[in-house]
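Working notes, structure below.
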């Protein structure tokens, strides 16, 4: 991938699942618990298609793709029940806490923009309440009425930017994502996007990001005009 021009930004917007919290692995287990009784498997090629989707489109896709004898509502209910059990001990991804505390200490405004509903965000962040209190605000796509269309549509990022005290231009926002759907949404919103993808994703699925990193620990804020780490 050719080097892309990195533009100075003033605000940051973070996805949550698979980026800040190690939840994608737990989602896989929760999904396999539903599929196993029907003799179905959940290969990565399917998982990468639904990463970043909100509850209803994800559930509709799974029921249709696997021809499951249930409604999308029932699928979503089972997924939620499994997830509630598994997510209580979700751990932070490498580099996440350092970056968030650095931005907060340097008064760089940042917010959360996740496809999860507000109640699931509360559940997943239960072990990290203080850290997640540092966000200026949280936009929870599956339960926020202003987010009409989920990722890959740009709605969630535009809503998130609009809720800062002094809303920045989209071009002044830097999005952090792990999913192709999220990257597409950020690009459509007119924002730069740093992607920390699952290493199994093909280069084709990561090529539209402004920058691709193996970990948030590799992020260099000064490349986007933000204060550099001093530790």
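Using N, Cα and C of the backbone, Cβ positions are placed for all residues, glycine too.
Taken from Swiss-Prot, the feature active site, nucleophile applies to 15. DSSP assigns residue 15 (active site, nucleophile) to coil, not to a helix or a strand. Other C-beta atoms found within 10 angstroms of the C-beta of residue 15 (active site, nucleophile) number 31, with every protein chain shown included.
Feature annotation from Swiss-Prot assigns active site, proton donor to 17; the stated evidence is similarity to another entry. The Cβ of residue 17 (active site, proton donor) lies under 8 Å from the Cβ of 23, 24, 27, 114, 115, 116, 124, 178, each on the same chain and at least six residues away in sequence.
Annotation comment: Swiss-Prot describes 15, 17 as Mg(2+) binding site.
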